[in-house]
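One structure is given here, and the rest of the page talks about it.
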Amino acid sequence: MDVDKLTLKVQQAINDCQTIAVRYNHQQIDTIHLFMAIISQEDGLIPNILGKMGADVETVKRDTEAELDRMPKVLGEGAQNASIYATRRFEEVFVRGEKISRDFKDLYISVEHVMLALMDIDSGAIKSILDKNNISKKEFLKALREVRGNQRVDTSDPEGTYDALNKYGRDLVKDAKKHKLDPVIGRDEEIRRVIRILSRRTKNNPVLIGEPGVGKTAIVEGLAERIVRGDVPEGLKNKIIFSLDMGSLVAGAKYRGEFEERLKAVLKEVERSEGKIILFIDEIHTIVGAGKTEGAMDAGNIIKPMLARGELHCIGATTFDEYRKYIEKDKALERRFQKVQIDEPTVDDAISILRGLKERFEIHHGVRIHDNAIVAAAKLSDRYITGRFLPDKAIDLIDEAGAMVRMEIDSMPTELDMLKRKIFQMEIEKEALSKESDKFSRERLESIQKELSDLKDKDKAMTAKYDKEKAQIQGIKELKTKLDEIRGQIEKAEREYDLNKAAELKYGEVPKLEHEIEEKENLIKQNGQNAMLKEEVTEEQVSNIVSKWTGIPVSKLVEGERNKLMRLSDELEKRVVGQTEAVKSVADAVIRARAGLKDMSKPIGSFIFLGPTGVGKTELAKTLARVMFDSEDNIIRIDMSEYMEKYSVSRLIGSPPGYVGYEEGGQLTEAVRRKPYSVILFDEIEKAHSDVFNIFLQIFDDGRLTDNKGNTIDFKNSIIIMTSNIGSEHLLNNKGVSNVDEETKDKVMNELKGRFKPEFLNRLDDIIMFKPLSINEIGKIIDIFLENIKSKLKEKNIKIDIAEEAKKIIAEEGYDPVYGARPLKRYIENTIETHIAKMFISGEISEGDILKIEGSDSKLTIVKK
């Protein structure tokens, strides 16, 4: 027996024979061991053929195992050291197999030759197993021809090339017949263009090019559905569309040339079909370079000749970037394909697509999807989710909203969960009290037993209600699944012209199921507001998902948020004292945006805050972030003093290709991409280079900016605040007046125009001038600073009282109109905080003490009460 003439699978089977013999304690390898080895091979040819014959491979295995168990076993110490020998019959199988191989005109002995040899030689155990499972040689040869076709075994691994299309692809037309594909709505123009190209004599290979998620694969599925319905020209009727899986084609190809063998086998099957099979390669750019090793051809070069001759009907799908990067580089491959550009559908088209898919999602999740949820998904995803494309992002929204509602149905309602926890807690308390004998414990035990009895009754009633509602929802899901299956059967019956069956299902089963579904839905509606479970996906759920994805609040305003927005000005003024005009402008911009009345193409607001140092410009931005987001973390702060050089603009949007930091992205663009709903503070803008401001023009006008990788960053949900000290000397001369007078405003504006270009200033929503703080306002700021000290000391359980005289001294000693409120803060830190800290460290004061801050002769004194 020449081992080189055996295929890899036969060599593997011989090795497996020895393992099987050792496992069953047999001293010799016989034909039954070989039979067991070849029917146990994973993805093997013999199990595949037996399956095609209708035999149960697992039953055959069990019968073979029983036969192996009956064979004589050799046990003991001597048996372990003894060698395992092959019987004469075992050798005869390969001699016979070689003859069968020659009859088949094959170059190697393959597993099918071995199987046929086993059928001829073993008339005992193997014959009885085959007879028992109705496996005859004649039927085996018939199934073998189906799988093998006219192929010869001319390689050591022929099994990888048998039935190649079914192994490495998926029949989309078959899936469409089985009602497995999602319905394709619209896209008629694109499908017609694909049909037109497929109908050509040569170069009949369309390639669908479009952004990810616009529905390229769906168009091919739509074509498969049209072929099933017969809604195609005569030349495409009864064609098969096979979706080729490049991953499984490459996977497991260990040896050189194995990948090419598999691909050639696929192409041979397509060629033999004489145009009946259309190959669909999703992500077609993967064929360029696939299987490429030193001196070998890649998949792209293997299919080129067939594409040019028109022997291979192929549909490709890829994105613009990948097409440019891989296909366009290879001009010979590019000219063999005809481009079909797939554009993103409009919002209205996306709504139609979602309406078509609605029923599938309802069946999958077992929920009811309202039409307003579908409209909201299309509109909100288009407006707020950037960087992705319709209809994919809208479908994802509906899918996740459905999953969220389903999860709530499957989880125990909060009310019932809390009740069960309370019962559990009281049961533990009851057990503990039952061991006590005092009067109080007995009284408490009686009270608990009574309360526990009531709670258990309530739990019983609520659990029954929950189970009933859940069963109703599950019942609807099952009925809808059944209805969908029946509709698939109707389509099949109509295709096969079985009109009696179609009519029976259409006018008998369908109305009956629809009536049952309606009855169950009415039962759920009767629960109304008292229902424990909600099985509806509404606009609210979709809005919540958008908010979770983007961080932008798009859900309907709840009462708490309404009050918060209406009190926004007051909340801001608690921290930013004396700047009413600035606070009002910012608050109004936020309210307009939240009500949905802002300009959709611009940021929520873009402001320049002008004024002397220490009057609250930066503080207003921080306070706005704190009030709106409950944290200052959502403020994106960029200190413009770091952008004094012309080239430093690249730090905002990212370095150009080839420069250090290209992969890291820009400080501004990356921050906004992660948190699109935020306050962006550009501090001290007059310090930056004038060219840096050119990138702001697009942000202010269109609410967008393109980063170094070509990604569009959306600023439409940001508040942009810039602070500057330009013209502060003019504003300082305005002190004591409640508002900035017109003359001062003109002087400041003239200075501002001298520093910034008109196109920059013209795009701003508002230029707000902060006036210097008056003595009255200083008093309020002192209160804010002192309140901070009180809150710090409260943690240490120390209280402080501050006399009015002390506040006057702080104002006189700490306030400087030129420097604003910052010197006040420093004065309070140096005099009050430092003094209290020293008293605490030295042990003069301890927890529970009350301190009194008094003032006299321009000095502060701190005494313990």
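Here the Cβ of each residue, glycine as well, is placed from N, Cα and C on the backbone.
As annotated by Swiss-Prot, domain 'Clp R' applies to 3-150.
Across the region 'Repeat 1' (6-71), the prediction's mean pLDDT works out to 82. Sequence annotations record features per position, and here Swiss-Prot assigns region 'Repeat 1' to 6-71.
Sequence annotations record features per position, and here Swiss-Prot assigns region 'Repeat 2' to 86-150. For the region 'Repeat 2' (86-150), residue counts in helix, strand and coil come to 47 helix, 2 strand, 16 coil, using DSSP.
Taken from Swiss-Prot, the feature region 'NBD1' covers 163-344.
Using a 10 Å Cβ-Cβ cutoff, GLY213 (ATP 1 binding site) registers 17 neighbours. Annotation comment: Swiss-Prot describes GLY210, GLU211, PRO212, GLY213, VAL214, GLY215, LYS216, THR217 as ATP 1 binding site.
Residues or ranges marked as region 'Linker' by Swiss-Prot: 345-551.
Look at Swiss-Prot and you will find 395-529 tagged as coiled coil.
The feature region 'NBD2' is assigned by Swiss-Prot to 561-772.
Counting Cβ atoms from all protein chains shown, GLY616 (ATP 2 binding site) has 26 others lying within 10 Å of its own Cβ. Taken residue by residue with DSSP, GLY616 (ATP 2 binding site) is part of neither helix nor strand, so it is coil. According to Swiss-Prot, the ATP 2 binding site annotation covers GLY611, PRO612, THR613, GLY614, VAL615, GLY616, LYS617, THR618, on the basis of similarity to another entry.
Under the heading region 'C-terminal', Swiss-Prot lists 773-865, citing similarity to another entry as support.
The stretch in closest packing with the region 'Repeat 2' (86-150), judged by the count of Cβ pairs under 8 Å and taken from 163-344, 345-551, 561-772, 773-865, is 163-344. Its own atom aside, the Cβ of GLY614 (ATP 2 binding site) has 23 Cβ atoms within 10 angstroms in the protein chains shown. Taking the mean position of the Cβ atoms of GLY611, PRO612, THR613, GLY614, VAL615, GLY616, LYS617, THR618 as the ATP 2 site, the remaining residues of that chain whose Cβ falls within 8 Å of it are PHE609, GLU619, THR723, ASN725, PHE770, GLY820, ALA821. Its Cβ placed at the centre, GLY611 (ATP 2 binding site) has 27 other Cβ atoms within 10 Å. In the three-state DSSP classification, LYS216 (ATP 1 binding site) falls within a helix. Cβ crowding, taken as the number of other Cβ atoms within 10 Å, peaks at GLY215 among the binding-site residues GLY210, PRO212, GLY215, PRO612. GLU211 (ATP 1 binding site) and THR613 (ATP 2 binding site) are 49 Å apart (CA-CA, integer value). Take the Cα of PRO212 (ATP 1 binding site) and measure to each of the binding-site residues GLY611, PRO612, GLY614, GLY616, LYS617: the nearest one is LYS617.
For the pair GLU211 (ATP 1 binding site) and LYS617 (ATP 2 binding site), the C-alpha distance works out to 43 angstrom. Those same-chain residues not listed among GLY210, GLU211, PRO212, GLY213, VAL214, GLY215, LYS216, THR217 yet with C-beta within 8 angstroms of the centroid of the ATP 1 site C-beta atoms are ALA218, ALA317, THR319, ILE342, GLU344, PHE389, ASP392.
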